[in-house]
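Taken verbatim from TrEMBL:
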TRANSMEM  A:25-45  transmembrane segment
TRANSMEM  A:51-69  transmembrane segment
TRANSMEM  A:103-127  transmembrane segment
TRANSMEM  A:134-152  transmembrane segment
TRANSMEM  A:172-198  transmembrane segment
TRANSMEM  A:229-251  transmembrane segment
TRANSMEM  A:282-302  transmembrane segment
TRANSMEM  A:308-327  transmembrane segment
Amino acid sequence: MSSAEIASLPESEGFRIRWADMAPFIALALIVLLGALINSNFMAANNLMNVITRSAFIAIIGVGATFVIATGGLDLSIGSMMAFVVGIMIMAMNSLAPQIGVWAIPVGALVALVVGSLCGLMNGLIITVGRIEPFIVTLGTMGIFRAFITYMTDGGSLSIDRSLRSAYRPLYFGDFLGVPYPVIITVVVALIGAFVLYRTKYGRRVTAVGSNSDVARFSGVHVGRVRTMAFVIQGFCVAVAAICYVPRLGAATPTTGQLWELQVITAVVIGGTLLRGGKAHIWGTVAGALILEVIANVMVLSDMVSEYLVAAVQGAIIIIAMLAHRFTSAR
Amino acid sequence: MKTSNKGTTFLSAAVIAGGLVATTAHAQDTEFTIAVSIPAATHGWTGGVVYHAQEAERQIEEAYPNIDVIVSTASSATAQVSSLEDLSATNELDALVILPFTSEELTGPVEQVASNGTFITVVDRGLADPSIQDLYVAGDNIAVGANTAEWLVDKLGGEGEIVVLRGIPTVIDDERIQGFTEVIDKSDIKILDIQYANWNQDEAFTLMQDYLGKYPNIDAVWANDDDMLLGVLEAVDMAGRDDVKYALGGNGMKQVIEMVMAGDERTPISTPYAPSMIASAMFMTAAQFAGQAPMRGSFKLDAPLITPENADQFYFPDSPF
């Protein structure tokens with residue numbers, strides 16, 4: 001895992017790339033400014049904290065999706081997978097709680113991480129060994145995971161044991177020195193993701209496979225292994241998000257995580273990662289997740305738009321952000 | 001409460017009457033097939049529908065050995081049309097009990113089934129052409145909204161500031177909101193905000209957080225659905241806001257009925273739009289065949305307030321919803 005190759009990048013080019021990569025942060029700043037002008041409550045510490053904490057899920061899953069998309073893949077199953085992992089985790093914790101009490105929480109979290117990684121591994125292997133388009137495979141597993149969670153909940157809801165609730169709640173609602181835990185976890189996940197992507201041999205292979213898999217293969221990169229690993233990372237990130245999610249409402253339902261795949265993919269793409277692969281931007285993804293959540297928040301806080309048109313305005317802002325991004329990075 | 005229980009009482013009477021007739025006069029060996037077509041369990045309420053349909057299937061087949069009930073679930077309007085075709089192709093259907101996904105799309109296919117002389121019972125969402133159905137059983141969405149609003153106006157003394165959460169843009173949601181706002185508009189209560197949360201717990205949590213950030217005082221919340229209510233309660237608790245005196249839902253979810261039973265201060269009542277209406281419709285249809293109880297007409301189930309006194313009638317501990 002040498003960092004020598006990174007350091008040898010030409011300085012001038014590095015600077016130019018960094019300037020274009022600022023686009024998502026500039027967009028975020030503009031939307032925040034807009035929010036502050038529309039409603040004075042927007043800048044209230046409480047509101048900002050809620051919004052940042054809420055965006056943690058999309059940001060954490062987005063870090064994994066950045067890897068998958070950077071290799072030129074796509075994972076449509078993440079929302080359903082998230083619900084499935086949440087369901088398995090709750091069932092594991094509930095069955096363990098009578099014997100080991102509060103220890104059921106860390107054990108349940110471990111179960112979630114293993115199950116999430118295995119789900120990712122399954123997606124990855126079917127895609128690489130079975131040689132099927134990621135779009136189709138994950139469309140299939142999206143249905144499978146969604147059906148499983150519906151079956152596990154009997155179409156109703158699956159809630160965590162009451163005895164665990166108070167011990168587990170702080171993971172979403174608590175904070176360390178004023179910073180909510182989900183935010184800390186997001187930062188840690190993004191730091192690790194950025195390290196792996198920018199500072200390791202694996203990370204360079206991810207973008208190499210994404211920009212041209214044939215060239216990567218001829219240069220001795222095991223393309224299948226790199227792509228499969230990206231899906232495992234995705235599954236692991238989904239599990240981390242699930243661990244933060246369970247204490248929020250304490251239940252899994254058939255609608256848990258519905259359509260999150262679209263939000264995650266949007267966040268990744270707004271963040272500057274190319275949908276066709278080859279270029280990845282972890283912190284851009286985090287900014288993208290914040291942009292989505294802030295837009296939604298500003299829409300509720302403003303009284304200017306009819307409730308029927310809120311989604312249209314959100315969609316328009318996302319498209320404008322993408323266009324702005326395209327024009328700044330095309331130079 | 002003031003609202004009457006007439007609808008439900010009449011129904012149970014009809015069902016019992018049907019049952020009595022059947023048990024005393026089941027001598028004839030005639031076989032009847034009743035197909036039941038319902039949406040698959042994709043969220044809480046439909047999960048309840050599936051549960052109640054299966055329970056009713058068991059009970060009807062036990063009570064009337066000459067009636068065969070087939071329950072079939074479908075995950076979309078298209079799938080429901082296909083399953084209707086399959087059901088009528090493979091069975092001689094004497095009756096069809098259908099909770100249609102959408103009114104427009106299912107009207108033609110159901111008409112097709114009816115043209116074979118099948119007895120048609122429509123539940124909840126009506127078909128575009130009501131003349132196709134022999135029997136119609138539904139809840140009263142306008143009453144769900146209106147009864148909750150009346151209670152709220154009374155408790156708040158006719159004034160205050162409230163917020164409302166909407167479901168998915170549908171006729172059902174429109175009717176509930178209409179019933180609610182019509183009553184509220186006659187009082188001095190101000191509806192501060194009304195936005196969609198798509199009958200989703202998560203989205204309700206998020207929306208409620210935003211409401212709480214936007215308005216320094218909120219006297220009450222109407223979530224219009226119990227799934228959403230749970231998200232709302234979580235957000236209010238997290239913000240530690242004690243200005244929210246009442247948070248109300250509707251639909252008769254098990255957890256919320258439990259809160260009503262326990263005399264919860266913030267959620268002391270609920271309003272049913274009970275998924276068990278499918279069971280009511282199935283029993284009424286069975287009565288048509290099991291005994292001398294011709295069943296024709298429209299039955300609108302009331303939406304009486306669920307209070308600690310009557311909550312046990314709306315509580316099904318084994319149901320997933």
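Cβ from N, Cα, C; glycine included.
Where the annotation comes from TrEMBL, it is an automatic prediction and has not been curated.
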Check your understanding: Quick one: do the transmembrane segment (A:229-251) and the transmembrane segment (A:282-302) have at least 3 Cβ pairs under 8 Å, skipping pairs fewer than 6 apart in sequence?
Key -> no
Point to revise | Segment proximity, the transmembrane segment (A:25-45) to the transmembrane segment (A:103-127), 3 or more C-beta pairs under 8 Å | key: no
Study note, to complete from the structure: Note: vs the transmembrane segment (A:172-198), the recorded stretch with the largest number of Cβ pairs under 8 Å from A:25-45, A:134-152, A:282-302, A:308-327 is A:282-302
Study note, to complete from the structure: Within the same chain, the residues 6 or more beyond the ends of the transmembrane segment (A:282-302) and with Cβ under 8 Å of it are 21, 23-25, 27-28, 31-32, 34-35, 38-39, 41-42, 47, 50-52, 54-55, 58-59, 62-63, 65-66, 186, 190, 193-194, 197-198, 263-264, 266-273, 310, 313-314, 317-318, 321
